[in-house]
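Residues or ranges marked as domain 'O-antigen ligase-related' by TrEMBL: 212-340. Residues or ranges marked as transmembrane segment by TrEMBL: 12-31, 51-72, 84-102, 108-124, 131-152, 172-194, 206-222, 228-248, 253-269, 329-351, 363-379, 385-403.
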Amino acid sequence: MLVTSRHFRPDVTVTLIVLVWAMYTTPRLVQSLTGVKRRATVGDALPMNPLAVKLEVLLLLLVFALCAFVILRGTAALPTDRRMPLVLMLAPWVYVVVRDLYIDHVPTRGGMLYPVLVVAIWILRPQLRKLAVLGYLVVLTAVMCIALGVFLPESGIFISSAGTAVAPTKEILPLGILIGIFTDGNNLGQYLVLGLPSVMLIPRRVVRAAGIAVVLFAIVWTSSRSSLAAAALACGMWVLMTVTPSVLRRPMSWGLVGATGAVMIWWPLSTPADDALTNRGAIWRHSLDAWGNTPWFGSGSNWYSVLPQHVGSLGGFAFHGHNQFVHTLATGGLIFLFLVAAMFVTIAWAASQWSARGIFQPATLLVALFASSTLEVSFGFVDRAFLLAVTVLPLMFAVFAPLPEHGSRRGHTKPRVESTA
């Protein structure tokens, strides 16, 4: 029975990765091929293709069902270790949901997915190398988006909220701004740059190099400056960690991740002008002013969507705080910030353990995440569902995957009788 279980779990892991990836990408691909595609403003709901809606609900239910199966199957022999990290991973979600229920804001179906994913991964204890599957899927996403931009530009290239084609000055390539299955180049850039560290886990060198090249080309085509910077830092982090002596890799991981996180926090506090960084200065100022009114508990996760009186001053496109630190304070206050900080310190600790063993994907992902989150919001507990596959999955793998022995092959662990770390 033990052998059967050990052979079964990798299949469950791969299925989970594919379903979570498909849950967002497949309906958006259907929408791109059959429905309306343009940039939306705050409060503007684009008409969704009925098939895309049904497909999204079906895939969401399948993910819930698979996670429920894993959890129910594992209740007979729950892991006895890493329970404190599990609590720290779940605490921010519990807080933000309770905070929202207090103001009569009920989480969406997708907002309830985070805890079951975390618990399922805690029980599964998947091999980190399985994230190579996610790497292949990220490359596939980039290929799909590039194909839309080339063969169906009315869906794959940026369209303004007025429904007309635009060529803004920030365009890098003379091909428009690639959005692919998304509605904005920044969103596609975020998705690809956060998926890039998983692409780096693809085992075959030639395939890995080709995949990285495709993803980087797509990021350049999005003209997303924050994603380009995050990609450069992620690649630089990987190279630097590769040439760093093994004895220094753990402190190097802490130092680079910490420095990137510090910049993310410092930038909005440096009092930039309102029109700085495409009006992000104004968004940060409004958000921090609102946080000052409710410093401990914030204004709720839906704050940016229920403030029509600020739409004009925020440009109509402030779906979030455009900085993870600012967004966390504005929506959840200091208590939420403390819980999120404790969670990411735990993930950074896990990343340093992987780095010491010559596996750099977790630390590289944190650098990419913090760099991307300097000008965007790249992680969410009850929102940002389109980033779930490239953030929650690999981060939870980093925390709960069995650590390999020092000097073992990439992401491999020795067989264990029990699922312990």
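Backbone N, Cα and C atoms are what each Cβ position is placed from, and that goes for glycine too.
Keep in mind that what you see is a predicted model, and the values were worked out from it rather than measured.
Between the transmembrane segment (363-379) and the transmembrane segment (253-269) there are at least 3 Cβ pairs closer than 8 Å, counting only pairs 6 or more residues apart in sequence, which means the two stretches are in contact.
Long-range contacts of the transmembrane segment (228-248) within the same chain: residues 189, 192-194, 196-197, 200, 212, 216, 219-220, 256, 260, 355-356, 358, 360, 363-365, 367-369, 371-372, each at least 6 residues beyond the stretch ends and with a Cβ under 8 Å from a Cβ of the stretch. Confidence across the domain 'O-antigen ligase-related' (212-340), taken as the mean pLDDT and rounded to a whole number, stands at 90.
The transmembrane segment (51-72) makes no contact with the transmembrane segment (84-102): fewer than 3 of their CB pairs lie within 8 A, with pairs spaced 6 or more apart in sequence. Here the transmembrane segment (131-152) sits apart from the transmembrane segment (329-351); fewer than 3 CB pairs are under 8 Å, leaving out pairs fewer than 6 apart in sequence. For the transmembrane segment (12-31), same-chain residues at least 6 beyond its ends with a Cβ under 8 Å from one of its own Cβ atoms are 37, 48-49, 51-53, 55-56, 59-60, 62-63, 66-67, 70, 117, 120-121, 124, 126-127, 130-131, 133-134, 137, 141, 144, 181-182, 385-386, 388-389, 393. Across the range of the domain 'O-antigen ligase-related' (212-340), the DSSP-based residue counts are 95 helix, 0 strand, 34 coil. Long-range Cβ contacts of the transmembrane segment (385-403) within its own chain (Cβ-Cβ under 8 Å, at least 6 residues beyond either end) map to 16-17, 20-21, 23-24, 28, 82, 85-86, 89, 110, 113-114, 117-118, 121-122, 124-128, 130-131, 134, 137-138, 182, 187, 190-191, 194-195, 197-198, 346-347, 350-351, 353-354, 357, 361-362, 365, 369, 378-379, 411, 413, 416, 419-421.
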